[in-house]
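*Asks:* Sending over a structure as structure tokens; questions will come in a sec.
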Amino acid sequence: MRFSKSLILITLSALVISFAEASDPSPLQDFCVAIDDLNNGVFVNGKFCKDPKQAKAEDFFFSGLNQAGNTDNKVRSNVTTVNVDQIPGLNTLGISLVRIDYAPYGQNPPHTHPRATEILVLVEGTLYVGFVSSNQDNNRLFAKVLNPGDVFVFPIGMIHFQVNIGKTPAVAFAGLSSQNAGVITIADTVFGSTPPINPDILAQAFQLDVNVVKDLETKFKN
């Protein structure tokens, strides 16, 4: 089978673009430690970078993931984030980390990371986790029950969740393929936006009575 030069070029261009957009841009230097000083830095990946000669070990260090987060909230979970805001040396490196604590029957509610794939490992407790694929894949649910030592991957952009189905606290750690993965919690975003989305729009979208929508917007109001 013979392929035209134009078809080969189009295919190669598509591959290059797909790889280029797969994760944070690759750094072109050893590191680019983020600083807030606008007068003594270079702007890269949303942060200003200090002179590499001034970098120190503390720029690549964080302490505290041995401590449990406070789960006394409405969803009974807590996410301790370690990204470029906590470790400035992560700037341009395309990776970050979180610790997630779950009270019994607590959950990390349905959410998405617009800029990162997540890989989660459970170290304590029992979790029910899953993600839902896109409309093009008929919104299939991929879910598993995790025990300590089990690992699960949430592809970039997919809506996903974790629920502690045990009677004891659960702890998980997750790596994300971005220095700043971002998070969009579905219920908070849809029903708690500022200003609020017109209740009639949400009522039609979710096939709910408009008064139910208004009640939800009151509950999730920022």
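Note that Cβ sites are derived from N, Cα and C of the backbone, with glycine treated the same way.
Summarising the annotation, TrEMBL assigns oxalate binding site to N108, H113, E118. TrEMBL lists H111, H113, E118, H160 with the feature Mn(2+) binding site. Residues or ranges marked as disulfide bond by TrEMBL: C32-C49. Look at TrEMBL and you will find 63-214 tagged as domain 'Cupin type-1'. TrEMBL lists 1-22 with the feature signal peptide.
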*Asks:* Please report the Cα separation of H160 (Mn(2+) binding site) and E118 (oxalate binding site) in Å, rounded to an integer.
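*Replies:* With the alpha carbons as reference points, the distance is 10 Å.
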*Asks:* Across the domain 'Cupin type-1' (63-214), what is the average pLDDT of the model, as a whole number?
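*Replies:* Result for the domain 'Cupin type-1' (63-214): average pLDDT 97.
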*Asks:* With a radius of 8 angstroms around the mean position of the C-beta atoms of N108, H113, E118, what other residues of the same chain does the oxalate site pick up?
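*Replies:* Here the nearby residues are V98, H111, T112, A116, L120, F154, H160, A174, L176, A181, V183.
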*Asks:* Whole-number Å distance between the CA of H113 (oxalate binding site) and the CA of C32 (disulfide bond)?
*Replies:* 23
*Asks:* Around the Mn(2+) site formed by H111, H113, E118, H160, list the extra residues of the same chain whose Cβ is within 8 Å of the site's Cβ centroid.
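*Replies:* Residues close to the Mn(2+) site, other than H111, H113, E118, H160: T112, A116, F131, F154, M158, I159, A181, V183.
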*Asks:* Measure the Cβ-based neighbour count of N108 (oxalate binding site), defined as the other Cβ atoms within 10 Å of its Cβ.
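*Replies:* There are 26 such Cβ atoms around N108 (oxalate binding site).
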*Asks:* Measuring Cα to Cα, tell me the gap between E118 (oxalate binding site) and H111 (Mn(2+) binding site) in whole angstrom.
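*Replies:* E118 (oxalate binding site) to H111 (Mn(2+) binding site), Cα-Cα distance: 12 Å.
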*Asks:* Between H111 (Mn(2+) binding site) and C32 (disulfide bond), what C-alpha distance do you get in Å?
*Replies:* 30
*Asks:* Write down the Cα-Cα distance for N108 (oxalate binding site) and C32 (disulfide bond), rounded and given in Å.
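*Replies:* For C32 (disulfide bond) versus N108 (oxalate binding site), the Cα atoms are 32 Å apart.
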